[in-house]
Every structure is written in C-alpha cells, then in structure tokens.
Amino acid sequence: MTNDNQNCTFEFQLLIRGSRDGFTVRNFHKNCDEKGRTITIASVKNSDEIVGGYNPLDWNPKCEGKTGECFIFSLDKKELEKFVFSKVVDENHAVYRNRGPDFGEKTSDLRLIEGDAKKGQCHKNSYEKLIRQVEGVFEIEDYEVFQVKMKQ
C-alpha cells in the first residue's frame, strides 16, 4: 500500500487470527496490546461480507480511546463497489479498549469477539454511518488483526 501524498509504504504484520489463535478477548489482548496502529478484518459467517476497522492507538484496557483517526468499513467480496466507509464522529468514543476489537461506545458501531464467542455486533453510535444493512449481532467466520508499520 502506498500513500502518494507522503510517498510512504506500509507493511502489515499479522498479530492474531481467530481460527489459529482462538476467539477470546484474552488472546486478542495478549497478541494485540501495545502494538500501535492496527487494522482489524473479519468475515461474516454464511455471507460474502467483510467488516473491519482501523485503530491508530494501542489496544490497552488501561488507556482512553480518544482519536479522530479511526474508521470502520464493510464490503461484499462479490460486489466491491458497494463498500461502506465510516469515519469516527465522536472522537471521545472512537474505540473501547477493554474488550475485543471494539469501535464506538455503548452498543458499539463494530465489536468483534462478543463474550469470548465468534460473535460480533454492529450499531450506529460514534461513527458517521451504519456499515451493515442491519443493526445487531452477527456470527464471525474468522478475524485477523494486523499491525500497520511505516516502511522506510
């Protein structure tokens, strides 16, 4: 991935994969805390849908999740032009860091690993748009979190 404006290249290092490392909040934090910028990607079970989010902050239950740089997204593997990109609008509640990957407050705009299960949820609270067609709980086929590093 290249950003032409700054002429930077990024590297992505896999930190966790649910099917390999388990679908627990504990494993998520063991592998992803204190790693800096990450991108989370999950496949929704029995569909062609992918959901995810970008967090420029450390995942750390002891820190505040305040930033204007987060975003969440969804796309359909068969119809890529139907993607949804949603930026955070409530910077005070961009990420909730004492659960699994969790973007937004209250019922979460996007939360994965609900109660150590292969479940996620999606509502509209702290981000511009709802990223799925329907609010509520969904099953996760698999998920991955990548550390995003600038390549020199």
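Placement of Cβ uses the backbone N, Cα and C atoms for every residue, glycine included.
The structure displayed is predicted, hence computed values, not measured ones.
What TrEMBL lists as domain 'TLDc' is 1-149.
Under DSSP, the residues of the domain 'TLDc' (1-149) split into helix, strand and coil as follows: 18 helix, 69 strand, 62 coil. For the domain 'TLDc' (1-149), the predicted model reports an average pLDDT of 90.
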